[in-house]
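Listed in TrEMBL:
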- A:1-23: region 'Disordered' (REGION)
- A:35-56: transmembrane segment (TRANSMEM)
- A:75-278: domain 'ABC transmembrane type-1' (DOMAIN)
- A:77-101: transmembrane segment (TRANSMEM)
- A:113-135: transmembrane segment (TRANSMEM)
- A:147-172: transmembrane segment (TRANSMEM)
- A:204-222: transmembrane segment (TRANSMEM)
- A:259-278: transmembrane segment (TRANSMEM)
Amino acid sequence: MARPAQKAPPTRPPGQRGARTRSIADVTGRTPWPLAAPAAVAVAFLLLPLVGLLLRAPWRGLPRILVESGALDALRLSLVTASAATVISVFFGVPLAWVLARARFPGRSLLRALVTLPLVLPPVVGGVALLFALGRRGFIGQHLDQWFGITLPFTTAGVIVAETFVAMPFLIVTVEGALRSADLGLDEAAATLGARPFTTFRRVTLPLIGPSLIAGAVLCWARALGEFGATITFAGNLPGVTQTMPLAVYQALERDPDAAVALSLVLLVVSIAVLALLRERWLHPGTSL
Amino acid sequence: MTRHGEAAGAAPSGALRADVVVDRGGFRLEAELAVAPGQVLAVLGPNGAGKTTLLRTLAGLRALTAGSIQVGAHTWDDAGAGVFVPAVDRRVGVVFQDYRLFPHLSVLDNVAFSARARGVARDRARRDAANWLDRLGLDRFAPRRPGELSGGQAQRVALARALASDPRLLLLDEPLAALDVRTRLEIRGELRQHLSAFAGPSILVTHDPLEAMVLADRILVLEAGQVVQVGSPTDVARRPATDYVARLVGLNLYPGTLSDPVTRRVDLDGGGTLHAAGHGSAGADDDGEVTFAGAPGDRLLVVLAPSAISVHTRRPDAGSPRNTWTGVVAGLELLTDRVRVAVDGAPSALVDITPAAVADLRLTPGQPVWLTAKATEVMAYPDLGPVARRP
């Protein structure tokens, strides 16, 4: 979990991190083989599929395949919907994280468990649930349809709803963790200085959990980008409307494996970029502020 | 809960009158205190005495179980009337022990925080903050982040931030505890100036008697949630009311009963007797030299400075010292320029002698010794009992 950024004391000599790592290695010596062997298997298992993807990639025709397969449409739709889902998650998820971390009311633990349920729920189940809540004949969806003429399933808005449902808990969990470990003493100090709770939230709490909020938003965005099960169940697979990258990959695999590999490469590149951003935030808190 | 007694704008500072009762689990804090505008009250006590709880109720970070808190015409808390003004509406300046500066704001914006929180425009808030930094000699730190400050600098900034909020009451929680010895000395001098410049009442919580003596006009000693002594620094230093205070100020303290007013003989509760004829063995007053007038059976406290006791390895000649008793050396501790000898006996005592004397006498733990003290060095005064709720 990312922690609130703190400036490293200016007196700390550079390179101390390296020195400490070396001293730990000196103490522990070599890795015992009962640990080393399974670890190597795990590394191979995690990396070899990616190698397979790179070996199989149609490097020469890559630009042509991407254009012809409608990948750009899917990529654009994915980026737009994932970003929209992230914005919605931040807008509603941060206040909920605050409530879960700070407010005192009965049933808070239960609420926390329910809210984070989509983390462990199979996404396809989420999609079915969304269908029966927000679908045309769902208990909310029928009213949306009758009163406002709003239909969510099989629309781009439906994609955003499905992605938000699955991805928002990642943001909530990350931000709530940061809020719990944030120093309440600063809130007290702000109160004695005449700051009302919302002013304190805006001027003190939010800036301090900034790095965690960014980490949570990136996680949320990445999860939304890769969302498959809930999206295909709730929003379907209409090219240009609801067909996001993962859906396009799945469909391409059946008739044009080269296109599937090309699309997968694009997602791989995006994932690596996200990972790089997260590592920057998590491994060097404070330096990137 | 209702808000009450809050007028808009800065009110002229008023006196603090507080009758504090807080129940916290099995712990009960009971303290009554009054601090005049411009006056500094030090709350002195060991860890767990309730000092910080007292401070938090005054700051509005915790409500009273019973009693009331008033500053000037403002009622901040009145458990009986259901009034509680939260910290945000009290205009109370708090310097926390760990400073609690906002790490993401510059020093200037930390000091400007309270004006900004109260709706002052940024430029004006920053200008006023810059004035405060100027006044406290901190102007060159304005653009820095708190993480780049030394402990002493952070402490000054915390004080500047509290003063800049235009408080009606200033509260300082162990303001010097986190500083190294040299910085502490330096800041203590400054703090004294700033406290005397502050027009409202100030309260300083500390476990350091020196800090209390130097910075405060009056000292309130808190032990286990009860006020055990209130008085001027001189009063507390010379006539400690409890063992804790006596140890803090480096005195031997014995509760006892007056058995002979003529010879001023006191039977000590812990065993032994002492003749008390010391200067200041008087009624109660700080500065008046009231003659020692007591009746047999009066409860008294007897103090004796460790430096006023002599140690002998043989029975001393019957001479001028009226107090002679025996004991066994329990331990020796080297202080900077002298040796403190703990002697078990009736009464037990701490005795300060020179290292040379230790060598001459070949003092070792377990050795029997005679102790002597002149009656004029022994001071007795009435034991008033716990002074809780009676400042």
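Backbone N, Cα and C atoms are what each Cβ position is placed from, and that goes for glycine too.
Looking at which of A:77-101, A:113-135, A:259-278 has the most CB pairs under 8 Å to the transmembrane segment (A:35-56), the answer is the stretch A:259-278. The stretches the transmembrane segment (A:147-172) and the transmembrane segment (A:259-278) are not in mutual contact, being linked by fewer than three Cβ pairs under 8 Å (pairs 6 or more apart in sequence). Same-chain residues lying 6 or more positions outside the transmembrane segment (A:77-101) and placing a CB less than 8 Å from one of its CB atoms are 108, 111-112, 115, 156, 159-160, 163-164, 167-168, 171-173, 175-176, 179-180, 201, 205, 213, 216-217, 220-221, 224-225, 227, 240-246. Under 8 Å from some Cβ of the transmembrane segment (A:113-135) lie the Cβ atoms of residues 96, 100, 141, 144, 152-153, 158, 161-162, 165-166, 168-170, 172-173, 227-234, all in the same chain and six or more residues away from its ends.
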